[in-house]
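K.L.:
Below are the features listed in TrEMBL for this protein:
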type: REGION; residues: A:319-345; note: region 'Disordered'
type: TRANSMEM; residues: A:12-31; note: transmembrane segment
type: TRANSMEM; residues: A:38-71; note: transmembrane segment
type: TRANSMEM; residues: A:83-105; note: transmembrane segment
type: TRANSMEM; residues: A:112-129; note: transmembrane segment
type: TRANSMEM; residues: A:165-188; note: transmembrane segment
type: TRANSMEM; residues: A:209-231; note: transmembrane segment
type: TRANSMEM; residues: A:243-264; note: transmembrane segment
Amino acid sequence: MTAPADRHSWLVLALLLVLAALPLLAPGYYVQFATKILLMGIAAMALNLVVGFGGLVSLCHGAFFGLAGYVLALTAPRYDPAALWWSLPFAVAAVALVALVIGALSLRTRGLYFIMVTLAFGEMLFYLFQDAGFAGGSDGTFIHYKPELAVAGLTLVDLEAPAQFFWLVLALAAGVILLLRHLLAAPFGRALRAARDNERRARALGFPIYRLQLGAFVLSGALTALAGYFAAAQFGFVAPQMLGWHLSAILLVMVVLGGLRTVAGPLLGAAALMGLEEVLKLATEHWKLVEGLAIIGIVLVSPAGLRRLATAAFGASASGGEHLAAPPRSTAEDTTATDRSIRHA
Amino acid sequence: MPDIALRAENLERRFGGLRAVAGVSLDVRRGEIHAVIGPNGAGKSTLINLLSGDLAVTAGDILLDGRSLRRLGPDRRGRLGIGRAYQKTTIFGASSAFENARLAVQARAGRPLALWPRRRAEQATDGLAEAALAAAGLAARGGIRADRLSHGEQRQLEIAMVVAGGAHVLLLDEPLAGMGTEEARTITALIRSLKAGRAVLLVEHDMDAVFALADRLTVMADGRVIASGSPQEVRRDQHVRTAYLGHGDPG
Ligand SMILES: Nc1ncnc2c1ncn2[C@@H]1O[C@H](COP(=O)(O)OP(=O)(O)O)[C@@H](O)[C@H]1O
Ligand SMILES: [Mg+2]
């Protein structure tokens, strides 16, 4: 068995394969735009590991994304490119460590409280970079050279060349899809979904829920960092907005648009949202307003995603839909009370 | 005594001013079914929640083979061999019956959260899950979504999961509640088949089943034990007759 409801990730992988021809066909602008979509898509897929598969709605993933970019900016030499082979793992590890601390504290809460606590931690990081003097404060800071991937002086991938940058990111996106597919079918992923569906039962069976969800949270943060690192490299600039809650919310919209129960759906969600934005920008100066209305429209037409999000945020009773339809399932009402009381014991 | 698997010592649980469980002591022995009966609100489910770790104790202790469980959460107790079926069936409704059983086996396997499982380990897990379903009479139902099973089958599945995880102490909270006669008979037989090598604590309202199954019987009322002993002894007990069995001799 593989992850459920995930038959279409092969389709997305095939799509990525076709997309590899893009730099040969389209002008550079579109190649860079596609790169941007892929990077946001990777971040959205990473976020969905905790939101869709873990049932935990996080609002600090924007901070993980931006933080990775800041780590690149702060560790890069001023007049030379950073060496990718160590600066990327360093950025990912640094963000994973931050995710470990934030997750360790946030995962003591559930539902709305989890959303609020992760939001608060994300905003703390935002203000840290906004107000502190280093890294350019609210102005942000430039990354003058793209990181360099070279072995013994021989450049393997030239990130200054948009096509090569694109291909690298394309391969990363495919790799993330395959990795997530694998993990979700592995005992780890099965346990994660079990804890989402019925935490009380999963716990009674003996699954260490806290460790499980913390592991997922850190992994998700690390994959988000991967996207953030390359996004900052592509942009050549980092600023505090890159780690604000607004970005977290956009990632969440991509997840909902693409489908919470699919591995590659959020990547499609990213493409849909960013494509829409691009078209609207050309059509009207009130594009943000129209975009907002369009998102509301799309979500209302296919409410399953939103309902699942509400389930994660407010518990099964709030969603109204599928969970209540199933007869004698988990008892969400008294679960939370008893789970809490033992955690304080 | 070596055959005592689970022991409650002066267990107490308060909810605000209410003493839902007020100083309960009892032993559950290996190879025995110990039934707990009592009117609604007597504290039976709360007692099970204390033993399983779903609720923290206010006072008293719980010993599993002599080891105190008081500070351990439900997951640790699960891994130590305590398995629990809830008064309201608690399974993974959106997963197949087989997946439910497999999760139960996985939870107590060597690496329950493995990222890169070995094929051999996965095959072993699958095999044990199939066996657990078969033992619970659900061999042919493995592919069905759990919430599409009948009420009785869901109960069978929950018990199968508890056993699949390798639990040797079973806490069953009203497993026959809401069952038809036929379903009740199936589950009664299933429970009887479980006691070999295991200690079973059975909370149940169905007196026919209780007297058919129980090796030992404890009666609770208002959070306290009002009688305990063999089913015959308890049946003769005058307190119990007035407090609980008052309206006629059951069985
Ligand atoms: N989580 C809780 N919070 C407050 N009171 C509770 C809680 N759980 C049970 N009680 C109360 O404790 C008493 C015993 O309940 P319970 O253990 O469910 O009884 P039984 O299972 O014997 O019917 C009841 O009065 C019940 O209202
Ligand atoms: Mg009860």
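Glycine is treated like the rest: Cβ placed from N, Cα and C.
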K.L.:
What stretch in A:112-129, A:165-188, A:209-231 has the biggest tally of Cβ pairs under 8 Å against the transmembrane segment (A:243-264)?
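P.N.:
Looking at each of A:112-129, A:165-188, A:209-231 in turn, the most contacts to the transmembrane segment (A:243-264) are made by A:112-129.
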K.L.:
Select the range from A:12-31, A:83-105, A:112-129, A:165-188, A:209-231 that forms the most Cβ-Cβ pairs under 8 Å with the transmembrane segment (A:38-71).
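P.N.:
It is A:209-231 that shares the most Cβ pairs under 8 Å with the transmembrane segment (A:38-71).
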K.L.:
With pairs fewer than 6 apart in sequence excluded, do the transmembrane segment (A:12-31) and the transmembrane segment (A:209-231) have three or more C-beta pairs that lie under 8 Å?
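P.N.:
These two stretches do not touch.
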K.L.:
So if I exclude everything within five residues of the ends of the transmembrane segment (A:12-31), which remaining residues of that chain have a CB under 8 angstroms from its CBs? That is, six or more out.
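P.N.:
For the transmembrane segment (A:12-31), the sequence-distant neighbours (Cβ-Cβ under 8 Å, at least 6 residues beyond its ends) are 162-163, 166-167, 170, 173-174, 177-178, 264, 267-268.
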